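Engineer: Annotated CTP binding site per Swiss-Prot: Gly8, Arg11, Arg91, Arg137, Arg140, in sequence order. The ATP binding site annotation in Swiss-Prot covers Gly8, Arg11, Arg91, Arg137, Arg140, and the record cites sequence analysis as its basis. Taken from Swiss-Prot, the feature Mg(2+) binding site applies to Asp21, Asp23. The domain 'HD' feature in Swiss-Prot is assigned to 228-329.
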Amino acid sequence: MKIYLVGGAVRDALLGLPVKDRDWVVVGSTPQEMLDAGYQQVGRDFPVFLHPQTHEEYALARTERKSGSGYTGFTCYAAPDVTLEDDLKRRDLTINALAQDDNGEIIDPYNGLGDLQNRLLRHVSPAFGEDPLRVLRVARFAARYAHLGFRIADETLALMREMTHAGELEHLTPERVWKETESALTTRNPQVFFQVLRDCGALRVLFPEIDALFGVPAPAKWHPEIDTGIHTLMTLSMAAMLSPQVDVRFATLCHDLGKGLTPPELWPRHHGHGPAGVKLVEQLCQRLRVPNEIRDLARLVAEFHDLIHTFPMLNPKTIVKLFDSIDAWRKPQRVEQLALTSEADVRGRTGFESADYPQGRWLREAWEVAQSVPTKAVVEAGFKGVEIREELTRRRIAAVASWKEQRCPKPE
């Protein structure tokens, strides 16, 4: 029996990145030997065991053979005669097909070290094309390691295109697509994930609402980058700099979906694209089974981001109504989230990357003023039932009006 550290732990250590999870491959053993040694079996479809002390995963070396459609249609073979090289060959990328023995020596049968040095994401073998989930995984790796200068090998991108055009991605479940997307949204450069999907044709299949934005022009005066798809990825990049939250990043990604519905004869203007985009947000989220809290913020951002841009022009009643509409009294974090997504929208434009966004500050200040109006004082003044809410709203409007007169510049 020989045990090797494999995959991401070896890769990230070589890149000088923190190692989170360690996975091990066991060569020359059987399930019974593992059980006799005190390991606990957890894999049903293939033999994976937990170490009795560390609880890290130890898998018997195995090969996989395509036996059906999609990413679950595989038959596994695990036996003492399966070599380490056999096991590593089933991995997706060469940089993930690295192993380390107990002496610290790196075993590299597929030139993963060379690709690591050259910052290349390259598939190990043609078997890559048998698993459609790998298209999303490679896009996610491209986003995760973009800051280190990694790019996808030409032949790997070509294979991803072939898989997409062959309809392989249609076998992916919504849950798996969302899981990979959510993970990509946590990376430093989530926009790279969607750009890679577009490059291989997968964006049109999995995110048609986003793909439809490419080629749709916006007024050059406000959008020097002109193309709405490019602007969308720029805003996502900016959102990633402003917030680590997946819901903020996803909402920013979806903020302009309504522009994809504008008839070409009305281009480059997109009047009413915010409210129009709400239905597309709901459609996308329902299809991918996006969690409700993330969906709800994306709907609000689509509907209200343009309103926040015009903040100095809003009257106090409209501002308080906005807080009502986003349910800020029960979910105060939404004020900050809307301020961040609107800022990402403004700064996600060519030449505006370092622009100030005072509307975000004014929104936050107005919220502090509105929520500082005490409910207790209204109740103690003798108001009852619906009168309490009406009087509370009136006082909030008055407080915001007073603040706006002193602190918020008059619209030009």
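Heads up, the Cβ atoms here are built off N, Cα and C, so glycines get one too.
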Engineer: In the domain 'HD' (228-329), how many residues does DSSP call helix, how many strand, and how many coil?
Structural biologist: 78 helix, 0 strand, 24 coil
Engineer: Any same-chain residues 6+ apart from Arg140 (CTP binding site) with CB under 8 Å of its CB? Would you list them in sequence order, or say none?
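Structural biologist: Within the chain, Arg140 (CTP binding site) has Cβ neighbours under 8 Å at Glu180, Ser183, Ala184, Thr187, Phe193.
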Engineer: Provide, as an integer number of angstrom, the distance between the C-alpha atoms of Arg91 (CTP binding site) and Asp23 (Mg(2+) binding site).
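Structural biologist: Approximately 13 Å lies between the Cα of Arg91 (CTP binding site) and that of Asp23 (Mg(2+) binding site).
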Engineer: Reduced to three states, what secondary structure does DSSP give Asp23 (Mg(2+) binding site)?
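Structural biologist: Assignment for Asp23 (Mg(2+) binding site) reads strand.
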Engineer: What subset of the binding-site residues Gly8, Arg11, Arg137 lies within 10 angstroms of Asp23 (Mg(2+) binding site) at the C-alpha level?
Structural biologist: Gly8
Engineer: Write down the Cα-Cα distance for Asp21 (Mg(2+) binding site) and Arg137 (CTP binding site), rounded and given in Å.
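Structural biologist: With distance taken Cα to Cα, Asp21 (Mg(2+) binding site) is 17 Å from Arg137 (CTP binding site).
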Engineer: Taking the centroid of the Cβ atoms of Gly8, Arg11, Arg91, Arg137, Arg140 (ATP site), which other same-chain residues have Cβ within 8 Å of it?
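Structural biologist: Other same-chain residues near the ATP site: Gly7, Asp92, Leu93, Ile95, Asn96, Phe141.
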Engineer: Just to verify a number: CA distance, Gly8 (CTP binding site) to Asp21 (Mg(2+) binding site), in angstrom, no decimals.
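Structural biologist: Taking the Cα atoms only, Gly8 (CTP binding site) lies 8 Å from Asp21 (Mg(2+) binding site).
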Engineer: Name the residues of the same chain, 6+ apart in sequence, whose Cβ is under 8 Å from the Cβ of Asp21 (Mg(2+) binding site)?
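Structural biologist: Looking at Cβ-Cβ distances below 8 Å from Asp21 (Mg(2+) binding site), excluding near sequence neighbours, one finds Gly8, Ala9, Glu56.
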Engineer: Going along the chain, which residues six or more apart from Arg11 (CTP binding site) have their CB under 8 A from its CB?
Structural biologist: Ile95, Asn96, Leu98, Gly112, Leu116
Engineer: Let me make sure I understand the span of the ATP site: among Gly8, Arg11, Arg91, Arg137, Arg140, what is the greatest distance between any two Cα atoms, in Å?
Structural biologist: 16
